[in-house]
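In TrEMBL this protein carries:
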- 10-246: domain 'YjeF N-terminal' (DOMAIN)
- 62-66, 139-145, Asp181, Ala289, Gly352, His402, Asp481: (6S)-NADPHX binding site (BINDING)
- Asn63, Asp135, Ser184: K(+) binding site (BINDING)
- 254-535: domain 'YjeF C-terminal' (DOMAIN)
- Lys447, Gly448, Pro449, Asp450, Thr451, Gly480: AMP binding site (BINDING)
Amino acid sequence: MAELLTAAQMRAIEEAAITSGEVSGLELMERAGAGVVDAVLETWPDLGGGAPKAVVLCGPGNNGGDGFVIARRLHERGWTVEVWLYGDPARLPPDARTNYERWRELGPVRPYRDEGPGAFWLEPSDYREDTVLFDALFGTGLTRPVEAFNAVGWATQLSEWRLPEEMRRGAYPAVRVVAVDLPSGLCADSGRRLQSDPPPGDVEEIVADLTVTFHARKLGHVLAEGPSFCGRVVVAPIGLEPRRRALGGREQRVTEVTAPAGLDKAASAHKYAHGHALVVSGGFGRTGAARLAARAALRVGAGLVTLAAPGAAQMEIAGQITALMLRRAESGDELAGLLEDPRLTALCLGPGLGLERARDLVPPALEASRGTVLDADALTAFEDAPEELFGMLHEACVLTPHAGEFARLFPDLAERLKQPAVSGPAASRVDVTREAARRAGCVVLLKGPDTVIAAPDGQSALNAGVGPRAAPWLATAGAGDVLGGLVCGLMARGFTAFDAACAGAWLHVEAARAFGPGLIAEDLPEALPQVLRQLGA
Ligand SMILES: NC(=O)C1=CN([C@@H]2O[C@H](COP(=O)(O)OP(=O)(O)OC[C@H]3O[C@@H](n4cnc5c(N)ncnc54)[C@H](OP(=O)(O)O)[C@@H]3O)[C@@H](O)[C@H]2O)[C@@H](O)CC1
Ligand SMILES: [K+]
């Protein structure tokens, strides 16, 4: 599984490599700059033949150092290169300074000082279709908002360069924008844009076409606003070892969810060998959500799936299902009675359940100590008394809130995400989900394009439905119910709560991608067989 790094972890890996003597900082910087050039040529082969123009904006730290390497290497390839420096050359850190000096032997460095927006209006006279702008201003060292002049000055200009021709005010052709490591202004740990509070008016930001990062992706490339700022993200290897020790303990590490293993079924296995999931339905006229969840549980391979519904809803359900079974559960007591059957290995409560019914049925469900998914109404029902819910939860539970449900159970944590990100590292969705899991004492899966899964011991994973795995059609009514059913079905099959949440989130995105445009929630379970087949299940 790929690790997604924080800025501190990346620094620790680099420092460990440098201290061990296996590589110098200067060598790493050279490889970083070379990696950016390679990624640019690979992304835009049309730039390989001619003599394009590069505008390299260098910042005051090592991100700027990478910029000087890029400038030198492009110059060597015959590009026309224009270099700007924001900061005092005398104060550059040593490796950046060395590369500044090397570039100075080849060409000038234009100062980029804080003298108001007009001072940074680069001369547009000879920008061409093959101009590439390199943002090497700030990378993982950004700890505070980029000051107003930067944002208003260069970012506005960049945005203008990027507008479609018919919308451009000036005569500039569109420019390709490459971010070195991170688009400047983005917090590496949270994917949030650092901004002063209140934000300066009329600020536009750097939106890159290509972001080239080093060794591994940072959390900021996949979380929150990151994907919309980064464009295509390419990881350039710079010869660093994984160095797990530099990453810290399990409570500091975040892995990216990858294709799950263990979904195949032995040829000889009986249906009971794959578990029996129980999905609790709402009342008459409200059974659709639970039926969706139940079908997903069955499709993901639970041996049997039963819907538990009140008497008045039985006819409605019976008319709609075939492979699913149906039992009556009018009240908490009746559900407790059903749960005396030890063959029921996992439960799902919440989709379409109704708040009153949720308050009645959730306690006996949790009392039964099975793998249990709580979603939707099963979470909202405890809005006024989250501690009461937390007191009943156990380690085999998975809560699957969307942002609104999360805010109902963890209002202070949701508030932390709402506060302006004025300094780095800013609070991230990973931070708050981890804290929520610790507080709840069970796995929490915070839904979104950047779904975060955390366990009470700090183990965390991120299912990035962004970039090449984007699944925008997943934002559709009922999709969340299907996810609950998938996680429940996987727990019925014996997956741990954490593994079921990760695998469920991954399959959910893949099913949406397999179906594609026009997707509605009903299509998700039907798209699963294709995804499972590709996994060799
Ligand atoms: N380490 C390695 O071996 C390798 C690192 N590599 C590269 O180095 C990058 C990290 O370099 P870095 O740590 O020097 O940080 P960087 O992003 O350049 O910025 C720090 C500077 O910016 C300043 N500053 C911060 N915020 C500011 C603001 N809002 N407005 C104005 N100034 C602000 C800050 O000033 P200070 O906070 O000290 O006052 C400091 O001067 C990394 O992203 C990668 O590209 C690669 O070469 C591979 C090998
Ligand atoms: K940058």
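Cβ from N, Cα, C; glycine included.
The binding-site residues Lys447, Gly448, Thr451, Gly480 include none with a CA atom within 10 A of the CA of Asn63 (K(+) binding site). Residues distinguished by a CB atom under 6 angstroms from ligand 1 are absent from the binding-site residues Asp135, His402, Pro449, Asp450. In sequence order, Ala32, Asn63, Asp66, Gly139, Thr140, Thr211, Val212, Thr213, Phe214, Lys218 make up the list of same-chain residues 6 or more apart from Asp181 ((6S)-NADPHX binding site) whose Cβ falls under 8 Å from its Cβ.
Pro449 (AMP binding site) is surrounded by 21 other CB atoms, counting those within 10 A of its CB over all protein chains shown. Neighbours of the K(+) site: apart from Asn63, Asp135, Ser184, residues of the same chain with C-beta atoms within 8 angstroms of the site's C-beta centroid are Leu57, Gly59, Gly64, Gly67, Ala136, Leu137, Phe138, Gly139, Ala179, Val180, Asp181, Leu182, Pro183, Ile206. Among the binding-site residues Asp135, Asp450, the residue whose Cβ has the fewest other Cβ atoms within 10 Å is Asp450. Across the domain 'YjeF N-terminal' (10-246), the prediction's mean pLDDT works out to 85. Around the Cβ of Ser184 (K(+) binding site), a 10 Å sphere holds 28 further Cβ atoms from the protein chains shown. Residue environment of Thr140 ((6S)-NADPHX binding site) contains 27 other Cβ atoms, counted within 10 Å of its Cβ in all protein chains. Proximity to ligand 2 at the level of Cβ atoms, with a cut-off under 6 angstroms, picks out Asn63 from the binding-site residues Asn63, His402, Gly448. Sorting the binding-site residues Gly65, Gly448, Gly480 by the number of other Cβ atoms within 10 Å puts Gly65 first.
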